[in-house]
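Below is one structure, written out as structure tokens; the observations come after it.
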Number of protein chains: 2
Amino acid sequence: MNIDLRVIGITGSSTMLLSDTGIDLTQWKQLLKKEAEPADIDSFVHHLSDNHVFPNKVLVDCTADTSVASHYYNWLKKGIHVITPNKKANSGPLDQYLKLRTLQRASYTHYFYEATVGAGLPIISTLRGLLETGDKILRIEGIFSGTLSYIFNNFEGTRAFSDVVAEAKEAGYTEPDPRDDLSGTDVARKVIILARESGLRLELSDIPVKSLVPETLAACSSADEFMQKLPSFDEDWARQRSDADAADEVLRYVGVVDTVNKRGQVELRRYKRDHPFAQLSGSDNIIAFTTSRYKEQPLIVRGPGAGAEVTAGGVFCDILRLASYLGAPS
Amino acid sequence: MNIDLRVIGITGSSTMLLSDTGIDLTQWKQLLKKEAEPADIDSFVHHLSDNHVFPNKVLVDCTADTSVASHYYNWLKKGIHVITPNKKANSGPLDQYLKLRTLQRASYTHYFYEATVGAGLPIISTLRGLLETGDKILRIEGIFSGTLSYIFNNFEGTRAFSDVVAEAKEAGYTEPDPRDDLSGTDVARKVIILARESGLRLELSDIPVKSLVPETLAACSSADEFMQKLPSFDEDWARQRSDADAADEVLRYVGVVDTVNKRGQVELRRYKRDHPFAQLSGSDNIIAFTTSRYKEQPLIVRGPGAGAEVTAGGVFCDILRLASYLGAPS
């Protein structure tokens with residue numbers, strides 16, 4: 001594509017770097033140290049909207065912050081396009097989400113968020129393509145957490161559940177406190193994003209979430225204490241696993257959007273060994289779309305769904321999509 | 001999307017139906033019978049380019065015809081966008097393909113062909129997204145033929161190879177003459193499309209194709225004769241299958257784009273039972289992209305990759321993408 005793409009501002013939570021014509025990206029890190037000023041989101045946005053050198057402006061929110069996400073509406077209203085992997089706006093209060101979508105539909109200002117689900121995997125764009133061409137979504141079912149994918153792909157009977165969690169933690173697959181993954185909250189956010197994209201008007205609180213954190217361990221004051229006490233539940237986990245195994249099934253932690261019954265769910269389910277979800281490896285995500293058009297056999301996307309590089313790929317894809325929409329030749 | 005989409009012409013090979021303002025799509029079939037005139041591709045295209053009521057015009061080629069595809073260059077030059085599931089232009093002579101791409105890059109006229117590979121599955125768009133965001137394609141490997149997917153997914157030791165082919169034929173999964181599927185030509189066309197999209201300058205004749213039609217049966221004068229003689233090769237097939245089985249592997253007919261060694265190939269390969277290709281069912285397509293970004297674990301798309309409805313979905317997706325590129329609000 002022939003696009004002239006300039007970064008005219010970079011901000012963290014403490015410092016920001018501004019330029020009227022474009023920051024030299026080969027040395028942005030040094031510049032952010034040397035020439036930065038104290039971060040201020042309002043002046044950052046003014047800097048962007050006051051720039052009249054460039055015709056189109058996009059703000060890319062790479063935080064996971066709720067307060068940053070609360071600004072999208074005003075930014076879009078100012079004519080600033082918004083692109084983000086941040087799940088907070090789309091999984092926040094329904095009325096605010098609907099307000100955002102209504103504004104976007106009424107304007108030529110774009111809001112893209114492909115990387116909120118599955119990072120660089122084509123999930124949102126595939127769903128949109130199906131919906132826009134008149135397909136009817138019946139069910140979206142997926143393993144949306146790389147961490148929980150890894151844990152259940154490796155919990156195969158040779159090691160205790162707590163050992164697999166410890167291994168995932170050591171390999172850096174989990175959050176510093178594995179309870180943040182095991183609670184299922186992040187999966188629920190992805191479910192609500194896909195549910196709303198499919199037309200369901202649900203709040204995050206409408207999604208029943210099966211937490212894998214035992215109730216008695218939710219109160220542990222530290223991740224270390226939690227990890228120390230987790231082995232006391234290994235026996236229960238082993239029983240669940242062998243029960244599944246006896247039925248030629250495996251355990252998987254999945255998110256479900258059921259558009260027929262207008263509900264979403266996050267649960268621990270059992271799948272037959274020949275099911276695509278049973279055959280996963282590594283920390284892959286897998287998402288199956290069952291629709292009027294893909295009814296007998298679903299449309300499935302699978303691959304790594306987390307990590308800086310693939311997330312950046314998803315965000316960059318959105319930036320180029322924006323450029324195309326704004327008329328850049330492809 | 002808020003787009004005003006009108007069909008102002010429909011043509012088959014014998015008759016065509018034209019309208020200056022839009023054909024009533026609820027009764028196009030009756031109209032095509034009653035009000036049609038003799039088909040003529042030149043006057044059809046003039047009708048389109050002479051229309052000044054609508055600002056943007058797109059010609060959707062839903063044939064599989066080489067001579068229709070040879071017109072794309074001139075249509076694009078006239079400012080008519082082209083969308084097609086027809087593989088002929090992109091898998092035809094390299095110089096003509098390159099001429100088409102050069103013209104397209106230099107103009108604001110679009111040429112989309114998502115449905116040429118995998119019908120409605122997001123294959124071309126995913127590949128483009130990776131390439132445009134700077135990822136490096138290392139390898140694309142896939143089961144691109146629904147027919148051959150079905151045959152090898154069901155050739156599991158209980159039935160003879162010829163029985164599985166007969167079953168596929170009876171179920172309508174094959175072309176009227178199964179040799180058209182078994183020859184691998186159609187898979188080779190998909191491989192060349194993806195290879196060229198990935199930047200390789202290859203001719204169709206550069207792709208070695210393993211034909212599954214025994215040499216002595218290539219000359220059979222009819223499909224019936226071919227089907228009658230196919231059982232004489234069952235023993236050879238059974239041996240290949242049991243050899244694979246002994247190594248805990250299965251046979252799969254795949255297309256490969258190897259960008260590292262700048263070549264493509266269509267071959268019968270063996271895959272370990274835990275490989276995603278071994279776990280296929282029905283007549284699903286599956287395509288795995290191994291890239292710099294998706295190196296440890298590939299990005300995989302899987303699902304039905306043929307049939308009128310999903311192909312129409314892919315074509316319609318391209319039409320809406322075109323509308324977005326032309327500035328329709330999303």
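Each residue, glycine too, has its Cβ placed from N, Cα and C.
A TrEMBL annotation is a machine prediction, not a hand-curated record.
Some features that TrEMBL has for this protein:
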- B:3-114: domain 'Aspartate/homoserine dehydrogenase NAD-binding' (DOMAIN)
- B:T63, B:K87: NADPH binding site (BINDING)
- B:122-320: domain 'Homoserine dehydrogenase catalytic' (DOMAIN)
- B:E175: L-homoserine binding site (BINDING)
- B:K190: active site, proton donor (ACT_SITE)
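Positions of TrEMBL features highlighted on the structure.
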residue	record	Cβ neighbours (10 Å)
B:T63	NADPH binding site	15
B:K87	NADPH binding site	20
B:E175	L-homoserine binding site	15
B:K190	active site, proton donor	27
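In this structure the C-alpha atoms belonging to B:T63 (NADPH binding site) and B:E175 (L-homoserine binding site) are separated by 16 Å. B:K87 (NADPH binding site) sits 7 Å from B:K190 (active site, proton donor), taking the Cα positions as reference. Per-class residue totals from DSSP over the domain 'Aspartate/homoserine dehydrogenase NAD-binding' (B:3-114), listed helix then strand then coil: 48 helix, 17 strand, 47 coil. Rounded to the nearest whole angstrom, the C-alpha distance between B:E175 (L-homoserine binding site) and the residue listed as 'active site, proton donor' is 17. DSSP gives the residue listed as 'active site, proton donor' a helix state.
In the three-state DSSP assignment, the secondary structure recorded for the residue listed as 'L-homoserine binding site' is coil. Mean pLDDT for the domain 'Aspartate/homoserine dehydrogenase NAD-binding' (B:3-114) in this predicted model: 94.
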